[in-house]
Amino acid sequence: MHQTKLQEKYDTAPKRKLALVSLLLASFMALMDTTIVNIVIPDILKYFSVDLSKVSWVTTGYNLAFGILLISASKLADQFGRKKVFIGGLIAFTLTSLLCGISTSIQALIVFRILQGLTASFIVPVTMPIAIDIVDKNKKGLIIGIWGAVSGFAAALGPVLGGILSEKFGWQSIFFVNIPIGIITLALATFYLRETYDHNASKKIDYLGSITLTISLFCLTFSFAKASELGWSSQPIILLFIIFLATFLLFLFIEKKAAEPIFPLIFLKVRTFTFSSLTLFILGVSLTSGTLLITIFLTNVMNFSSMKSGLIISSLAFSSMFTSIISGKFSDKLGGVKFSFLGMLGMCISTFLYATLNQDSSLYYIILLLCLTGLSLGMVIGPAMGSSIRQISENKVGIASGTINMMRAVGQALGIALLTTVLTMNISNYISIAKNESIEIVNNSKILKTEVKSEIVSNLKSDAKITPSSNSIITDKIKVAETKALQNSPEIYHAEIKKQFKQQEQESLKIFKEVSKSFSSNIDKAFSDTFILAGILSFFGIITSLFSDVNPKRKYKIYNL
């Protein structure tokens with residue numbers, strides 16, 4: 001009787017719609033925060049006067065914390081109530097967003113972002129099982145498609161909204177925007193969501209599995225992030241890899257023996273789940289090139305403002321929404337393989353094409369590549385998420401949802417850590433090449449005097465950036481030398497002296513242009529090599545996508561794990 005009244009309370013169509021809105025808003029907000037920081041990284045660099053390897057942890061910390069706890073949070077929600085966990089996560093997420101916005105040091109910001117990521121892990125994995133419980137069973141495929149579309153659009157829209165907010169209100173506003181959204185979502189969830197459980201779930205929590213998985217993923221990500229600073233073959237990095245391998249193997253052993261594992265290894269027997277999860281993991285890595293690396297390229301290399309860069313990247317967000325709607329609508333009928341394969345193929349092609357970008361690239365060409373990435377993203381995310389749980393029984397959708405979201409989040413975290421490290425190392429190597437090339441150009445000059453050559457070479461060997469002011473400094477020194485020479489020489493020689501110094505100025509200007517060209521060319525190569533690596537990694541997603549689903553028109557097995 002009580003259950004009937006409870007269902008009547010929540011089962012009116014308007015209330016179900018408001019409940020779904022609360023779930024979509026919360027999921028959108030948490031997933032948008034996986035990428036929203038990317039666009040303001042240059043602003044944070046300047047604000048705290050730190051380097052890229054440290055600032056990248058503002059993004060990596062969130063994604064890693066988010067990914068690590070997703071499975072634990074899913075299990076807790078299944079056991080103790082999804083609505084309780086969802087609302088608790090929502091309150092904590094809103095508070096940590098405030099703390100991120102008022103951070104006064106880079107260390108505090110990183111800590112609060114990690115906490116924010118932990119709270120997000122209590123929001124995202126429970127939204128899909130609650131939503132599936134709200135709607136009719138024949139609309140399950142539609143809900144999965146919508147969730148996939150929202151997930152892709154949120155991640156793609158992050159840099160766009162971040163650029164607009166930071167330009168108008170400062171980089172802190174990207175965190176403050178979560179506060180009103182969080183309050184509205186909290187009100188809707190409190191009044192319109194009903195409590196759901198996995199009634200077969202045990203109350204036991206796999207603490208050992210959680211701890212070993214956390215240590216394992218942290219060591220792997222931290223080793224990637226620190227490799228540019230310490231070197232791949234350094235003792236600390238090798239030690240981190242050893243700890244990662246040891247704790248990961250220990251995690252697998254614990255999960256095999258545990259009565260209630262945090263990650264049921266039996267899920268891996270479901271081919272569609274395994275290969276869809278791998279596809280989403282690789283998608284997470286690939287997405288780094290389309291969001292973070294392109295953001296750094298637009299703001300630091302092409303010198304676009306955060307707002308302009310965000311608006312350019314909006315082409316990725318809106319194009320992903322277009323294909324998300326189409327793939328979400330038809331993948332449940334046609335199967336996810338076709339969509340996932342075409343999407344990962346497009347991601348791979350667009351990532352390799354990013355390697356052709358340079359400082360003179362047309363804006364239209366950049367937007368075209370971003371649109372290709374967006375269209376590809378929309379083709380993958382919804383179908384892959386749907387494929388991953390197609391053969392999973394409804395009572396295990398929560399833990400399965402947590403796992404697939406973890407794979408994508410960890411993919412993004414590892415992608416950011418690896419690709420920013422590789423980019424940092426590439427830039428360092430190519431800057432050294434540019435300096436050597438430039439010194440050779442200077443020393444080969446037959447017009448510049450020895451003291452002028454020494455001055456230019458000294459500037460090149462320093463860590464100072466090559467800017468238009470660099471040539472002004474040299475020109476000013478030439479003029480000072482000219483003034484002294486004129487003062488110490490008879491007037492009869494003044495015309496000849498002026499002619500010689502004029503040649504010096506013209507030669508320094510010519511050399512400066514050659515030096516600037518060398519630096520620009522080598523910076524382009526640094527980005528190009530990084531994009532090529534990202535393209536190689538995304539290629540494996542094409543292979544995994546081929547095995548990611550069954551034919552929905554034929555009868556297939558549902559695993560009651």
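Cβ coordinates are placed from backbone N, Cα and C, and glycine is handled just like the others.
Keep in mind that TrEMBL annotations are predicted by a computer and have not been checked by a curator.
What TrEMBL says about this one:
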DOMAIN    19-553  domain 'Major facilitator superfamily (MFS) profile'
TRANSMEM  20-42  transmembrane segment
TRANSMEM  54-73  transmembrane segment
TRANSMEM  144-165  transmembrane segment
TRANSMEM  171-193  transmembrane segment
TRANSMEM  205-225  transmembrane segment
TRANSMEM  237-254  transmembrane segment
TRANSMEM  275-298  transmembrane segment
TRANSMEM  310-327  transmembrane segment
TRANSMEM  339-357  transmembrane segment
TRANSMEM  363-385  transmembrane segment
TRANSMEM  406-427  transmembrane segment
TRANSMEM  526-547  transmembrane segment
Closest-packing stretch to the transmembrane segment (363-385), where packing means Cβ pairs under 8 Å, from 144-165, 171-193, 205-225, 526-547: 144-165
Candidate ranges 20-42, 144-165, 237-254, 310-327, 526-547 - greatest C-beta contact count to the transmembrane segment (171-193) (under 8 angstroms): 20-42
Average model confidence [pLDDT] within the domain 'Major facilitator superfamily (MFS) profile' (19-553): 83
